[in-house]
Structure formats: structure tokens, C-alpha cells
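What TrEMBL annotates here:
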{"type": "COMPBIAS", "residues": "B:1-10", "note": "compositional bias 'Pro residues'"}
{"type": "REGION", "residues": "B:1-24", "note": "region 'Disordered'"}
{"type": "DOMAIN", "residues": "B:35-539", "note": "domain 'Cytochrome oxidase subunit I profile'"}
{"type": "TRANSMEM", "residues": "B:47-68", "note": "transmembrane segment"}
{"type": "TRANSMEM", "residues": "B:88-109", "note": "transmembrane segment"}
{"type": "TRANSMEM", "residues": "B:130-150", "note": "transmembrane segment"}
{"type": "TRANSMEM", "residues": "B:170-198", "note": "transmembrane segment"}
{"type": "TRANSMEM", "residues": "B:210-238", "note": "transmembrane segment"}
{"type": "TRANSMEM", "residues": "B:270-288", "note": "transmembrane segment"}
{"type": "TRANSMEM", "residues": "B:300-323", "note": "transmembrane segment"}
{"type": "TRANSMEM", "residues": "B:329-351", "note": "transmembrane segment"}
{"type": "TRANSMEM", "residues": "B:363-387", "note": "transmembrane segment"}
{"type": "TRANSMEM", "residues": "B:399-423", "note": "transmembrane segment"}
{"type": "TRANSMEM", "residues": "B:435-456", "note": "transmembrane segment"}
{"type": "TRANSMEM", "residues": "B:476-499", "note": "transmembrane segment"}
């Protein structure tokens with residue numbers, strides 16, 4: 001037993017000295033915004049208050065434990081109350097708390113002032129990805145976990161940013177006040193980036209507000225903080241903060257790409273082309289529930305491979321993807337996916353994993369359906 | 001000033017003030033039926049304690065599954081679906097199946113003995129409240145075997161994850177929680193009826209031991225909030241099965257309403273799990289300091305203040321859900337206020353030890369560890385109360401560290417302290433000293449190795465309830481997992497202590513501890529099945 005203890009103590013010391021643990025910190029990050037630094041200093045003030053109180057209280061306690069030991073023949077005193085002492089140790093903590101509440105209130109007021117923003121970004125949580133919509137700019141995309149499955153299952157070496165990397169980060173300009181509007185399509189998620197000190201729930205049916213003004217360019221990583229189902233741990237947030245000029249360039253590129261995507265909905269797509277695009281979209285969007293091999297996880301998530309209803313009713317298949325299934329975990333992809341992506345993914349599901357419908361769905365069909373629904 | 005007394009029971013035997021032969025000539029079933037039908041507070045207390053111990057090990061195994069998966073980054077042992085069921089079931093079982101029944105068991109055993117009552121006021125109801133629990137928890141555990149698995153939405157079961165997106169077994173989960181809730185309400189009614197009506201002649205409210213006081217207040221909290229829980233899970237049931245939309249935004253419902261209702265129950269609930277612990281520690285520290293509890297009256301008032309404040313702080317669990325600024329400020333201020341009465345309690349315990357004559361028997365060791373570790377949990381609670389900082393702490397391992405410090409090195413240590421303190425009264429034997437000390441030290445090392453690093457992983461940015469994590473959290477998780485297994489394994493020593501203590505060991509006199517003062521120490525050890533059939537004469541100490 002004693003050897004086990006020694007071994008454990010040794011292990012802990014090694015862990016404590018591990019340079020990686022030290023480099024990444026034991027404490028809250030100070031962050032890269034004025035607010036994150038305010039929050040950090042509140043955290044440190046209240047921490048040191050606790051340390052001082054702890055030293056006094058535990059000091060008095062351990063002093064008593066050593067000084068008044070029965071084994072040393074200590075005789076117990078008989079006092080058992082003292083009004084003025086009791087009043088003092090009720091009043092002093094109260095005063096400390098009032099002193100603490102003042103800066104906390106000021107910081108909170110600043111955090112709640114999201115007015116006069118330079119840029120509005122809508123952040124939508126979905127099981128299990130984030131969707132970013134630059135309001136008024138016609139630029140929107142989803143941001144999925146970028147870590148390959150092989151790293152998670154341990155069949156390949158884990159990368160430096162394991163579980164904290166995405167396919168497309170949220171790009172924001174530094175020095176500008178960015179208002180974040182948060183909501184969710186399904187369950188409650190929570191968008192959190194420690195370095196920005198922004199954590200805000202994304203609640204279905206609500207639009208929450210928060211804001212950030214980043215001081216330094218860089219890549220800031222965080223995660224979903226509210227349990228949102230199976231892949232809650234695989235829903236990272238990555239923010240890339242860039243100089244405003246670079247942000248403008250990036251925005252122009254995104255706009256052009258979005259336009260091309262919209263135009264390509266009008267042309268005729270071949271089956272192979274749709275399958276290739278569909279596989280990509282399926283992997284990013286559908287595979288989390290319906291599994292990469294289409295086997296699903298019944299009863300919550302039906303299998304798509306060999307699904308007769310799906311094969312026999314192409315029309316219902318399309319409407320399920322567009323409108324979702326009310327009262328279930330299947331979301332509506334009407335606003336999340338482009339017509340090309342919907343057409344591609346439906347085509348893929350109809351012809352992958354031994355499914356042999358043989359038909360393809362054209363993006364133009366989907367675009368027409370969406371337009372008809374819009375009216 | 002004497003409160004209204006119940007009619008004096010006619011003594012059946014002229015001999016006994018505290019003796020117990022009253023069962024002679026009274027039909028007593030044997031074997032299993034004895035335990036199924038018992039209405040005796042000591043037997044029911046034992047049942048509660050054994051049930052709680054069993055649940056503690058089951059919930060502990062679930063926790064160890066979680067800790068084993070988190071031992072290193074990557075998914076090794078379980079898939080995320082099962083991981084989520086494990087975290088959820090661990091929480092539900094520990095809260096509703098281990099900690100709460102343990103306190104009810106201690107109340108069953110000790111409240112009648114401490115107030116000089118012959119039994120609980122409502123013995124048949126007492127039997128019913130206990131036997132609801134095994135049914136409730138068998139039902140809950142059986143959901144793990146149902147298609148789609150058991151509850152996987154966290155012990156706080158936030159809608160709509162627990163309604164629209166929940167596994168089909170959720171209706172069974174709701175039923176089991178209803179049963180456990182009824183059990184708690186009935187138990188609370190019984191405790192209040194007992195304390196208010198069955199005190200020994202001459203024992204005023206302000207003469208009651210603090211364990212009795214804290215349980216009286218806890219019982220009122222239970223009656224106040226358990227119906228709220230029942231209401232919220234019934235709304236879930238309707239949303240799942242009858243097409244209502246209380247919490248479904250698509251139907252005009254409000255997912256945040258769920259959280260308000262849940263935490264209006266949930267915050268008093270966390271004090272339900274700590275107030276009786278205060279009572280136990282307030283009995284043990286004076287006993288082994290050989291000095292009266294410092295500030296008895298302020299202890300009672302502080303307990304009542306904490307209970308009242310507990311109804312006004314619930315939304316501090318929801319600081320990032322999008323509350324308006326005024327609500328944030330209100331709940332931040334009320335939450336900070338809780339530190340004041342809680343501080344008073346800690347100061348009073350320290351003042352009780354100051355200039356006492358202190359010895360370190362096993363119950364005292366656990367009580368002292370409680371004071372230190374609970375205070376650590378209190379400090380992180382104070383930090384969490386600061387709403388702006390909570391935007392960083394919320395839903396991270398810092399919160400996990402906080403509530404485990406209050407519940408495991410806090411409430412659970414107080415339960416263990418209580419068990420060591422009263423084992424001589426229950427079994428007639430002192431717990432084996434060496435083994436108890438091993439249990440204590442391994443538990444202290446294990447529990448702190450488990451939960452202290454969680455402060456760091458949380459501050460460094462690790463969210464709670466994730467089955468896999470980024471590489472920078474690996475060292476902290478490694479330490480937590482090692483600590484968790486050490487702590488879990490060392491609890492087997494506790495089982496050994498109980499078995500040894502039941503089977504033999506150094507005989508304990510009626511007053512098993514030199515400095516013990518309350519009424520339970522006036523009856524023989526082990527306490528006979530029936531005690532105080534004639535109310536004892538109680539001599540209050542002057543205040």
C-alpha cells in the first residue's frame with residue numbers, strides 16, 4: 001500500500017512538472033479582449049480573497065488542533081457564545097462581498113452592452129456543428145469538426161489541435177465590435193471561446209446576444225459547453241481573427257464563391273459529380289447520426305442503407321431532407337444546405353452503400369421546390 | 001416556553017426508561033418479511049443506509065467507467081452514447097439514490113433517539129417511503145437495457161434534449177423520479193411530524209441537537225421543492241407522449257422555462273444534500289473537542305437563512321442562458337449573500353475547537369476533513385457567484401470540481417463521519433481503529449487527487465460532460481482518474497469496517513464517546529429495538 005502511495009505521489013509530481021501542462025496553463029486565460037482581461041482580473045481578485053480567508057480560517061483551525069490536543073492534557077474552556085465576535089464575523093464577510101460586487105456589476109454592464117456593433121454574425125448551433133451567417137453580407141457556412149475519425153479512435157497519431165480544429169473557422173476582423181446573435185435549430189448548445197471570454201447558450205426559439213472586440217490577430221479555439229447529445233464533445237469553435245483589410249478580402253472571396261455555387265444550381269449535373277459532392281456533404285452533415293456507412297443508430301436515427309421507404313419514395317426522401325421530421329431529431333436543411341448540396345446528398349443516399357435507386361436529383365429541381373415553398 | 005407535548009404514552013413495562021423488551025408477545029415476522037413489513041425506525045434506518053451504500057457503489061462504478069474513458073485522450077472503452085448514459089446515471093443515482101437516502105437513514109435512526117421519541121411519528125408511512133426507493137431505482141437502472149439506452153441527457157435533463165431528442169426510455173425515467181420524489185416527500189412529512197410532536201418533555205425547539213434542527217429545515221425544503229420537480233417531469237411526460245409543447249420551441253414552448261423550474265427545485269435540492277451534513281458535523285466537533293458547540297443559536301439561524309436564500313438563487317445556474325441584466329445582478333447578489341451564513345457556520349466550528357480538548361478518533365477525522373474540504377467547495381462557489389467570471393467557469397470542469405467538493409469531500413464525508421460516530425450505538429462495537437484510519441487517509445488522498453485537478457482543467461478550458469478532450473487536459477485527467485480509482489477502491493475498506501463492527505470488536509458503553517452529550521448516548525449500545533417507550537426526562541442546558 002505504501003509503495004502504491006509513493007508511486008502515486010511520484011506520478012503526480014511528474015504530471016505537475018510536465019512542460020506541456022505548464023505551457024498550457026493551470027489558470028483561466030487572460031484572453032485577447034478588454035473584457036476577457038476584466039473578467040480575468042475579477043477571477044484573480046476573488047481567488048486571492050478566498051486564499052486570504054482560507055489562510056486565516058484554516059490557520060486558526062490547525063493552530064487549535066495542535067495547541068489544544070487532548071493527548072497533551074488540554075483542558076476545555078467553557079465558553080460557547082460571544083455576541084460581538086459573532087456580529088463581527090458576520091459583518092466583515094458582508095463588507096468584502098459588497099466590495100466585490102461593485103467591479104463585478106460594472107463588468108457585467110459592459111458585457112450586456114452589445115449596441116453599435118460594426119458587424120453582426122448569426123451563430124446557429126446544430127447537432128453537432130456551428131453555422132455562421134454574416135448578416136447583410138449573404139455569406140454563410142457551417143463549421144464542422146476537422147479532426148479525422150482515425151485520430152479519435154486511436155488508429156492514427158493525434159494532431160496538435162486534436163478536437164479543437166474545424167473545416168472552416170469563423171473569420172472576424174480585429175479591432176471591430178462584432179455582435180454575435182445566437183440561436184439553435186435543435187437542442188441547447190453553448191458557444192464558448194475562452195480567449196474571448198464569450199460563452200453564451202444557443203437556445204432553440206430564442207436569439208441571444210453577446211459581443212466581442214478582439215485586440216490581436218490569431219486563432220482562438222473553444223468548444224460547445226452545453227451537453228447537446230452524442231457528439232457534444234466533438235463540436236469545436238475556432239475563431240480566426242485577422243486585420244480588417246484581410247477580412248475584407250476574405251469576405252469578397254466568400255461572396256464570389258457563394259455566387260458561383262448559386263449559379264451552378266442552374267446547370268445539369270452528372271451522376272458521378274453529384275455522388276462525389278454528396279459524399280462530401282454526407283460526411284460533414286449526415287454521418288454523425290446516420291453513420292458513415294448509412295447504418296444509422298436505431299431507434300433514434302434510422303438506417304438509410306437498404307431503407308425501402310427511402311428507395312421507393314424519392315419525393316418523400318427529398319422533403320424529409322428539406323423540411324426535417326417534426327418531433328424528431330431530424331432537422332430541416334432548407335436554410336443550412338444549398339440546393340446543390342441537397343440534390344447531391346439525396347442522390348448520394350439513394351445510390352451509396354448498396355442502395356440502387358439509380359436515379360439522381362438535379363439541383364435545379366431542389367431550387368424550384370425551395371422557391372415554391374418560399375412563396 | 002415548553003411546547004405542546006403529546007399525551008404521555010402508558011408504559012408497558014415499569015422497568016425501562018430506555019430498555020427494550022416491549023416486543024415480547026407482539027407478532028414479529030422473521031426473515032425477509034421482517035424487513036419488508038418492519039415499522040421500526042431503527043430497522044428502516046438500517047434499510048435506508050444499506051440501500052444508500054449499494055447505490056453508492058453502483059453510482060461509483062458508473063463514475064469509474066467515466067474516469068476510465070477519460071484516463072487518456074481518444075475514445076478507448078465506450079462510445080459517446082454510453083458515456084452520456086454513464087454520466088447521467090452516475091449523477092441521478094448519487095443524488096437521489098445515495099446521498100439523500102443516506103441522510104434519511106441517519107434521520108430515521110438518530111432523530112427519535114436524539115429527541116427521546118419511541119419511534120417515528122408515522123411508522124407505516126415510513127415503511128412505505130423506504131420501499132418505494134428500491135422500486136424506483138430498479139426501474140431507473142432497467143432503462144440501461146432498453147432499446148435506445150437509458151437517460152443520456154445529464155442529471156439536469158435539460159429540455160429539449162430530454163424531450164424531443166430523448167431516448168424512448170425517458171418515460172420510465174420520469175416514473176422512477178416520481179416514485180423517488182414521493183418517497184422523499186413522505187419521508188419529510190414523517191420527520192417534521194416526529195420532530196414537532198414527539199420531543200421528550202421539557203425539550204424546547206432551541207434545545208434540539210443541531211442534526212435535528214438541520215433535518216427539520218431540510219424536510220421543509222423537500223416538501224417545498226419536490227412537487228416542483230414532479231411538475232416539471234410531468235410537463236416533460238406530456239411533451240413526449242401527449243403532444244404538448246411546454247418546452248418545445250417549435251410549438252411555441254420555452255426551453256428556458258424548463259431550466260427555471262428545474263433549478264427552482266434544484267438549488268434547494270443541493271442544500272437538502274448539505275444541511276443535514278452540517279448537523280452531523282455540529283454534533284461530532286463538540287464531542288471530540290470536549291466543549292459545547294460555539295454559537296448554537298447562530299447555527300440555527302444560519303441554517304434557516306441558508307434555506308430561505310436557497311429559494312432566491314436558482315438562476316445562478318443559468319447565468320449564460322441569456323437572462324436580462326437585472327436578473328443577472330439580482331441572482332449574483334443573492335448568491336454572494338449565501339456566503340455569509342455559510343461562513344458563520346465554519347467560523348463557529350473553528351471557534352468550537354478553539355481552546356477545546358481535542359482528540360482524533362475516526363469520526364472526528366472525517367468531520368475535520370469535511371470542514372476543510374467543504375470550505376474549499378464553498379470558496380469555488382463564491383467564485384462561481386461572480387456572474388461575469390461565471391461566463392468563463394460555467395459548464396466546465398471547474399463547476400464539476402466545485403459541486404463534487406461540496407458533495408463528496410463535503411456531504412459524503414459528513415455521512416461517513418456520522419456512520420463512524422454512531423456505529424458504536426448501532427452495533428455495540430467500536431469500529432476497528434487501524435482500518436478506519438486507513439480508510440480515512442486513503443479517502444482523503446483519493447478524493448483530493450480526483451477532484452482538485454478538475455479546478456485546473458476547468459479553468460484551462462475543458463467543458464464538462466465530454467467523452468474525449470484536447471491534449472492539453474491530459475495530465476489533469478490522468479491524475480483525476482488515478483484518484484478516482486483510489487477513492488473507489490478505498491471505500492471497500494469502509495464495507496470491511498462495517499462488517500467487522502457488526503460482527504465484533506471492542507464493546508462500546510452507552511456513552512461511547514467521552515465528550516458526547518445528546519440523548520442517544522443515554523440508551524444502551526447497541527440500541528435495543530425499542531427505546532424511550534417512556535419519555536426520558538430532559539434537562540436543558542442553560543443558554
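Cβ coordinates come from backbone N, Cα and C, glycine included.
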Give residue numbers and ranges for long-range contacts of the transmembrane segment (B:88-109): same chain, 6 or more residues beyond its ends, CB-CB under 8 A. 41-42, 44-49, 51-53, 55-56, 58-59, 62-63, 66, 120, 126, 129, 133, 136-137, 140-141, 144, 150-157, 177, 180, 184, 187, 191, 211, 215, 218, 269, 272-273, 276-277, 280, 407, 411-412, 415, 418, 422, 426
Considering every residue in the domain 'Cytochrome oxidase subunit I profile' (B:35-539), what is the mean pLDDT value? 96
Sort out the residues at least 6 away from either end of the transmembrane segment (B:363-387), same chain, that have Cβ-Cβ distances under 8 Å to it, and list them. 274, 277, 280-281, 284-285, 287-288, 316, 319, 328-329, 331-332, 335-336, 338-339, 342-343, 346, 349-350, 393, 398-399, 401-406, 409-410, 413-414, 416-418, 420-421, 437, 440, 444, 447-448, 455, 513
Does the structure show the transmembrane segment (B:399-423) and the transmembrane segment (B:270-288) touching, where I'm treating 3 or more Cβ pairs under 8 angstroms (sequence separation 6 or more) as a contact? yes
Residues outside the transmembrane segment (B:210-238) whose C-beta sits under 8 Å from one of its C-beta atoms, at least 6 past its ends, are 103, 106-107, 110-111, 114-115, 157, 159, 162-163, 170-171, 174, 177-178, 181, 184-185, 187-189, 191-192, 195-196, 244, 246-247, 258, 261-262, 264-265, 268-269, 271-272, 275-276, 278-280, 282-283, 293, 296, 299-300, 303-304, 307, 310-311
